[in-house]
Amino acid sequence: MTAKGGATPSPGGAGAAAGNGRFFTVGLVTAWYSSNIGVLLLNKYLLSNYGFKYPIFLTMCHMSACALLSYAAIAWLRIVPMQLVRSRVQLAKIAALSLVFCGSVVSGNVSLRYLPVSFNQAVGATTPFFTAVFAYIMTVKRESWITYLTLVPVVTGVIIASGGEPSFHLFGFIMCIGATAARALKTVLQGILLSSEGEKLNSMNLLLYMAPIAVIFLLPATIFMEDNVVGVTIQLAKKDFKIVWLLLFNSCLAYFVNLTNFLVTKHTSALTLQVLGNAKGAVAVVVSIMIFRNPVSITGMLGYTLTVIGVILYSESKKRSSKP
C-alpha cells in the first residue's frame, strides 16, 4: 500500500500490458505486410497470369471498395473521427490529389502486366529520388548535399537492375517509372495543398474523400479505354466464378493496405516505420520470386540491393538533417 492508501501497480500487470502491446504491434505489422504484399501479388496474378487485362477497371474496383469501407470504418465503426471538407477550394485540392493518385495506381497496375513484381519493386524503391526532385521544383526546398549524394546509389541501382533484368519490357518500365513519379508527386502536392491547419486531413479521412472522386475519374476512362470490360467480366464469371471472389477479395485487400498503414504509423515510432518500410519491398521481392518463379539475374539483384542501400542512407540523412 502507498502512504495514501492506494495499491501500488503490480509489476506482473505492467509486464502483461507491455507483452500485450508488443503482441498487438506484431499483429499490426504482420497485417500490414500481408495486405501490402498480398494485393501486389494478386494484382500481378490477375493482370498477368490469369489474363484479366483491365488495369483501369481493377483500379476502379479498388477505389470503390476503399470508398465504401472508408465510410463504414469512419461513420459507423468510428475508427477515427470524421473530418469534414470545409470549402469548395479544399474539395478541389482533394480532387487534384485524387487524379494524381489514380494515375499512380493505374500506371502501377499496367506495369504489372509486363514486369515481374521483383523488378516493379526495384523501380518503386526510387520514390525518394522523385520526391526530392518534385520538392525542389515545386517548393524550392533544398536538402543537404549529403542527402542528394545518397540518391546516386538509388538511381544507379535501378539502372544496373534494368540492364540485368531478364524480363525487361520498355513499356512496362515506363509505366512503372510513371507510377513511382506520380506517387512522389502526390506526397509533395499533399504537403503543399493541404498545409494549413484547417485543411489537414489524416490519411483515413483523405482516402474517404479521394476514393469516390477517383471512381468518378476512372469510370469514363474504363468505359472508353477498356472495351466491353463489364461484359467480358460477366462472361469470365460464367466460365469461372472464382474471378468474382478474386476481384472482391483483391478490392477489400486494397482498402486494408491503407487501414493497416494508418494503424502501423499510429502505433509505432518513425524509426520503426522507416525500417519496416525498407524491409517490406525486399520481402515482397523474395515472396514474388518464390510464387511466380520469374527468372532473376545476379546483376539485377545487385542493382536492387544497391537501390535499397541508397534508400536507407537517404532516410538516415533526412532524419539527421531534420534534427535541430
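The backbone N, Cα and C atoms fix where each Cβ goes, and this holds for glycine too.
According to TrEMBL:
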- 28-315: domain 'Sugar phosphate transporter' (DOMAIN)
- 23-42: transmembrane segment (TRANSMEM)
- 54-79: transmembrane segment (TRANSMEM)
- 91-112: transmembrane segment (TRANSMEM)
- 118-138: transmembrane segment (TRANSMEM)
- 145-162: transmembrane segment (TRANSMEM)
- 168-185: transmembrane segment (TRANSMEM)
- 206-223: transmembrane segment (TRANSMEM)
- 243-264: transmembrane segment (TRANSMEM)
- 271-292: transmembrane segment (TRANSMEM)
- 298-315: transmembrane segment (TRANSMEM)
Compute the average pLDDT of the predicted model within the domain 'Sugar phosphate transporter' (28-315).
93
Below 8 angstroms Cβ to Cβ, which residues of this chain, lying six or more residues outside the transmembrane segment (271-292), approach it?
29, 32-33, 36-37, 40-41, 44, 49, 116-118, 121-122, 124-125, 264-265, 304, 308, 311-312, 315, 319
Using a Cβ cut-off of under 8 Å, list the residues of the same chain at least 6 residues beyond the transmembrane segment (118-138) that approach it.
40, 108, 111-112, 147-148, 151, 154-155, 157-158, 161-162, 165, 167-168, 173, 176-177, 179-181, 183-185, 187-189, 192, 281, 284-285, 288-289, 294, 296, 300, 303-304, 307-308, 311, 314-315
